[in-house]
């Protein structure tokens, strides 16, 4: 376990981020392998069907997984304050809330799935494959939520390595099962869905089995599940706003996807292929953001406020520099990247659209990088209102893009919606973030005064 309340802030954040980055890479490989294998073995239409469901997964599973992120923030604060009994009770509370939520989310998602696909204007020639694939994924919501809760709680107590190991195991299994189900049993997109859910179950079970001997701080007992009103509110107060924030952002993505669907199957295929590369870039910023949430929460619990300020400044510079490099690589190697997903590179229109995708987002990644750092620092202190408001800003911007920019500018307008939404989010968080940094400075001054006074008195 890594104690993020001591040592060099930047060094500790980087060390903690590396397993997170690799872990997010392999988690993204679930979606990546689905797209890669489906595109290369089943063709463009099944590829478009699987890709079209990405916004839906973001909407439904984003809510569920956002909840686990919020719940783990409370666990990290308890760990930072060295309240080990509180860590166990927080973990137990997270299990209860996650279990109840996963049941409701699954029932609602499956019940309204046909209506959602219809509202999204899913092209008729890919509707059946899209329905089959996403139905299986939604039915396995419990598996993804279980893994994410466990992984986030592991990270909350400073262990970002173990979730990575078991995620890699799950991803290797996913690829094997996917190839087996599609090539041997000819199960089509259903095979990709079943492979994903099964591998996630395996990863979650391995994390559960690891706790008793290797991570006793999370070895909970029945007594830890005692329902206390104040404890329930403490977790719900942070968990559900983070979950809601994820869904609010996802609604904007769904609206934008609807507009892209209207542009035809080639537009959907181009977006599917390009977005998979884009998501690998995003996960770099996501990894540093996730690390900052845990780093901030631990130091907030330990009342080491100056470390929050220093860490946030240093990591912001790092992610901005990284964003320039990633953007340049995507723009210059667009054709080669798209050919990974579409057999023989697809047609010229798909390639042109994918290049447009990379040209627009590649030059604006710095906004996204800042967004992830600011949002997670705010969440790490328990502030759920401003990040949620920033999500509303993203929703409004993406909705504007889908409703107004796409009809006027076509595919280029759809791509402009992404940096527009990032800009809106950063603007919403700007003033509150600056105020938070000032508050941290004031609180640190108070802590230093108390420490010096205690030293004199002793």
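Glycine is treated like the rest: Cβ placed from N, Cα and C.
Summarising the annotation, TrEMBL assigns transmembrane segment to 12-30, 50-79, 91-110, 130-150, 162-185, 191-211, 238-260, 280-302, 314-334, 354-374, 395-414, 420-436.
Contact count against the transmembrane segment (238-260) (Cβ pairs under 8 Å) is highest for 395-414, out of 191-211, 314-334, 395-414.
Of the two recorded stretches, the transmembrane segment (280-302) lies close to the transmembrane segment (354-374), with three or more CB pairs under 8 Å once pairs fewer than 6 apart in sequence are set aside. The stretch with the most CB contacts under 8 Å to the transmembrane segment (50-79), chosen from 91-110, 130-150, 191-211, 314-334, 395-414, is 130-150. Non-local neighbours of the transmembrane segment (130-150) in the same chain are 49-50, 52-53, 56-57, 60-61, 64-65, 67-69, 71-72, 94-95, 98-99, 101-103, 105-106, 109-110, 113-114, 117, 122, 163, 167, 170, 188-190, 192-194, 196-197, 200-201, 203-204, 207-208; each lies 6+ residues outside the stretch with a CB under 8 Å from one of its CB atoms. Within its own chain, the transmembrane segment (191-211) has Cβ neighbours under 8 Å at 30, 34, 37-38, 50, 132-137, 139-140, 143-144, 146-147, 150-151, 154, 162-163, 166-167, 169-171, 173-175, 177-178, 180-182, 185, 218-219, counting only residues six or more beyond its boundaries. Residues 270-271, 273-275, 277-278, 281-282, 285-286, 288-289, 292, 312, 315-316, 319-320, 322-324, 326-328, 330-331, 334-335, 337-338, 390, 411-412, 415-416, 418-419, 422-423, 425-426, 429-430, 433 of the same chain sit 6 or more residues outside the transmembrane segment (354-374) yet have a Cβ under 8 Å from a Cβ within it.
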